[in-house]
Amino acid sequence: MLPPQAHDTDAPIRLTDNDAALAKLSAVRQDYLSDPFIKYFVPRASLQPPRPPLINVGTFVRTVAIDDLVDQWLDLSSAERKKCQIVSLGAGSDTRFWKLATGPRKDSLSKYIEVDFPEITMKKAMVIKKNKDLSAVLGVPEDIKLEQGGTALFSPLYDLLPADLRQDPSVALGSLTSVTGNAPPILDASLPTLLIFECVLVYMSSRESNTLLHWFHAYFSSHGDGILGAIVYEMFGLGDSFGRVMVSNLKTRNVSLPGADPYATVESLPSRFLNLNYTHARALTLKDIRRNYIAPEEFVRMSKLEMLDEVEELDLVLEHYAITWGLTTLGSRSAPWDDWGFKRKEQDEEE
């Protein structure tokens, strides 16, 4: 008899990427967002039903807020006459690379690297290779290489790597910093480098996520005087009644959130970086970002797309999600990077 197949305990976590992709597709179709690439990463995209307005609004706020921080990072790099690197960890079906590489800031990007479970990177690599709209952005066909059994993809501007981020980073991500022959490491420690974690660290223990953040900090600290930043988007403050319901609902899908335990309040979130010797860190809830940090014209446009009856419910959800951004300025090069972060915008209208 064949031995029983091992239970894939990570499958429920990987399925959360499908939820995020469907939410993004819905927000795009309802005109909250512009993204011509997301449809390629959703099977049978044309048959997918729209998501409720609450999910569309949350997806909009999350996306434009992170885009704002990323765009600022690229602009700050350009102001120093340097290109920058972006490493998206747990990237899933995210399309940010294609939007950047075809947008007005494309010349500011030196390298974009995505990392995720091999099951996810294999599917993404196959979609990229087969789709001309996606692969054309990466370069000519001869420059796009599939490796590691089809789980990795390499090109001049974009790399896709398989890894379990809970493992020792020196092993799981060692290829980013290792020297092969005469080739330099994929990560150039002299360039401004931004890490992006969208709903990733919350699925890891605090020990595992701290090890990961420390590993990047140690690499850049010991190999130059560059700039390292990080963006974390995730749930927090799950000890109240709403949070307990969220945790319970996820448990029915065999999904746990060990990374949320240390962070009971939004004020506690910056400690993730400050305790690891990052020099600056701040955090805002999506509720606060929606109310105070979305451009007035976008706020008004968004409010007219769909009827949103459950505003109180929306606020309750958004105050349990936050974006934390941390920065370490190595050497004496802090200005103008100290100003990296959300800028408050005066709203002309209230809902």
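Yeah, the Cβs are placed from backbone N, Cα and C, and that goes for glycine too.
Annotation comment: TrEMBL describes R62, G90, D164, L165, E198 as S-adenosyl-L-methionine binding site.
Counting other Cβ atoms within 10 Å of each Cβ, the lowest count among the binding-site residues G90, D164 belongs to D164. Its own atom aside, the Cβ of E198 (S-adenosyl-L-methionine binding site) has 22 Cβ atoms within 10 angstroms in the protein chains shown. Between the two most distant C-alpha atoms of the annotated S-adenosyl-L-methionine binders (R62, G90, D164, L165, E198) there are 25 Å.
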